[in-house]
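**Q** Before I ask anything, let me first share the structure, which is written out below as structure tokens.
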Amino acid sequence: MLGTGHALALRGLTKRYGSFTAVDSVSLKVERGEFLTLLGPSGSGKTTILMCIAGFVAPTEGAVLLDGQDITPLPPERRDFGMVFQGYALFPHMTVAENVAFPLRVRKLGAADRDAKVRAALDLVQLSGFAERLPRQLSGGQQQRVALARALVFDPALLLLDEPLSALDKKLRAELQEELKVLHRRVGRTFVNVTHDQEEALSLSDRVAILNHGKLVQEGAPAHLYEHPRTRFVADFLGKSNFLHGEVRESVPGGFVIGAGPTRILQAVAENHRPAHGSRVLLSLRPEKIALLAEEDAADNVVMGRIAAWSYLGAGYTLVVETPDFGALRVALPTWQAPIAPSEGLAVRLGWSSTASVPVVEDAA
Amino acid sequence: MSARRWGQDAGWWLLILPAFLLMTAFYIAPIAQVLAISFTEPSPGLGNYERLFTSESVQRVIITTLRICTITTALALLLGYVLAYRIALASESARRWWILAVLVPLWISVLVRAFAWVTLLRRQGLVNNALMDTGIISEPLQLVWNEFGIIVGMVHYMVPYAVLPLLASMREIDPRLLAAARGLGAPRFTIFRRIFLPLSLPGLIAAGVLVFIFSLGFYITPAILGGGKTLMVAEWIGLQILDLIRWGLGTMMATVLVVAILATLAIFSRLVDLRRVFGSGA
């Protein structure tokens with residue numbers, strides 16, 4: 001279905017409120033039919049960017065381009081974008097069918113055409129039997145689907161989603177994530193989603209753009225961002241991460257060795273990214289990539305420590321292991337693979353391979 | 001209700017007893033007496049009420065009152081709606097000044113305001129002089145001591161009472177709904193007609209009832225601006241009781257007025273369900 005949607009581009013988008021820069025020169029491309037998520041903590045400028053795309057906020061500098069055409073000066077009502085608002089913003093005095101018909105009525109579509117499209121849109125979100133209900137007679141998840149149907153019914157060039165799942169409880173959110181994904185494949189349109197929920201971003205998106213303090217920090221496919229975070233912020237915000245500080249002691253084929261105190265850590269690296277001898281480096285190490293080693297097991301890197309705290313999560317354990325040279329390291333391991341029953345104060349051997357961790361840079365403040 | 005429940009409730013009733021007695025002594029008893037007089041003076045029976053159907057002057061007063069109140073309500077709602085709309089969409093700081101500007105007239109005595117209108121509207125008043133000086137008219141217009149004058153004064157008095165409930169209901173409307181409508185492609189007027197207006201309807205009904213009921217009992221403004229030529233119900237009652245000493249007729253009209261107000265409220269309480277039908281916007 002790729003190719004039926006429209007392509008969007010942001011060029012040097014900047015929004016200032018007085019001396020405060022909400023969005024700082026963000027350039028970004030969204031391909032036809034792509035599902036892009038703008039991910040960031042609150043205040044990162046992600047919603048402002050979405051509002052600039054929708055036309056509700058005029059950027060201070062930069063441009064919004066749709067299929068290469070500058071649409072920056074167009075008001076929202078002339079952009080023809082579908083939008084799902086935070087809290088859905090369903091019209092409380094209209095039935096579900098009237099809500100969905102609203103964008104068609106505004107576009108002066110004939111009654112027969114309108115009814116057919118409304119029915120198709122409600123079918124799409126599996127709400128066919130709810131046409132005559134009022135929004136407040138629906139559950140949160142159903143309201144969310146009505147908002148989706150209303151945003152999609154007029155074949156918009158783009159679908160914008162502002163924290164579409166944030167008002168729902170965890171289980172329902174997971175369900176609707178799946179539905180949203182299926183829906184995106186079925187309608188094949190370009191979706192731009194805003195969220196602060198990293199799980200939602202990872203599971204839904206073709207591509208994620210991570211924002212912090214109004215700046216685009218990194219963008220890429222979810223797996224790429226997770227496995228190869230460029231900065232400490234990305235590694236920390238997307239999933240959990242341990243950070244190992246050290247100094248480059250020597251170069252070895254395919255990697256380098258850092259030292260922190262007496263401990264030596266082997267880190268694999270691409271040839272062209274080799275850091276200078278003696279420089280300080282920061283490694284990001286995911287908790288699930290650390291193994292608890294038995295006496296006889298070997299690994300590229302082995303660190304001794306004591307369990308300072310642990311919690312049982314059903315599917316797995318989370319351990320906090322105090323180590324002499326790297327401080328507290330967080331370790332996640334599946335319950336069925338745990339070689340020991342954790343207890344506080346227990347001495348453990350931690351091991352990980354040289355490819356498990358990745359060098360990251362500190363974020364500019 | 002079981003005996004035990006009744007005993008529990010009696011304790012609560014006791015608490016409101018003082019207020020109940022006060023109301024009875026100073027409010028309900030006089031009204032009951034008014035009701036009684038209307039049936040007993042000058043002779044016992046329904047004679048006074050018969051006048052409602054036979055006396056042309058009684059009918060004229062009622063029709064005049066209803067006409068003036070309807071026009072006043074319509075105009076006050078229209079002006080109030082425009083004002084409230086402006087205030088609801090104003091910025092936070094501007095809104096405070098707007099509300100102050102709406103409320104200030106409420107603190108000025110109704111007597112002062114009525115005379116102020118007389119000064120403005122009389123034959124040699126500001127309005128007539130200005131119109132004659134600019135040559136728009138050659139003869140002074142009859143702007144006061146008629147229905148026109150009464151309506152001007154009453155609308156002026158009533159606009160704040162229309163603005164307040166309207167503003168309350170407009171501020172309940174989620175601004176995101178208006179943004180959503182815009183995002184879905186609706187032009188400004190469509191957003192107003194299809195989203196804003198229906199959602200502010202409960203406020204419009206409440207304001208309408210409030211203004212209409214208030215208008216029915218207006219006394220000072222019509223007395224001064226009507227100049228005794230156009231009689232509304234309240235002034236007519238005063239005339240019957242104070243000048244003509246026809247207590248029976250006066251209390252009959254007072255009773256009719258009270259019943260009319262209660263009837264309006266009863267209809268309103270049915271309409272108030274509209275809040276559910278149309279949603280409160282919250």
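Here the Cβ of each residue, glycine as well, is placed from N, Cα and C on the backbone.
Below are the features I grabbed from TrEMBL:
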TRANSMEM  B:12-40  transmembrane segment
TRANSMEM  B:60-85  transmembrane segment
DOMAIN    B:62-268  domain 'ABC transmembrane type-1'
TRANSMEM  B:97-118  transmembrane segment
TRANSMEM  B:148-168  transmembrane segment
TRANSMEM  B:195-224  transmembrane segment
TRANSMEM  B:244-268  transmembrane segment
**Q** Flag the pair the transmembrane segment (B:148-168) / the transmembrane segment (B:60-85) as in contact if three or more Cβ pairs fall under 8 Å (sequence separation 6 or more).
**A** yes
**Q** Can you find at least 3 Cβ pairs under 8 Å between the transmembrane segment (B:195-224) and the transmembrane segment (B:60-85), where each pair is 6 or more residues apart in sequence?
**A** yes
**Q** Counting Cβ pairs closer than 8 Å, which of B:12-40, B:60-85, B:97-118 has the most of them with the transmembrane segment (B:244-268)?
**A** B:12-40
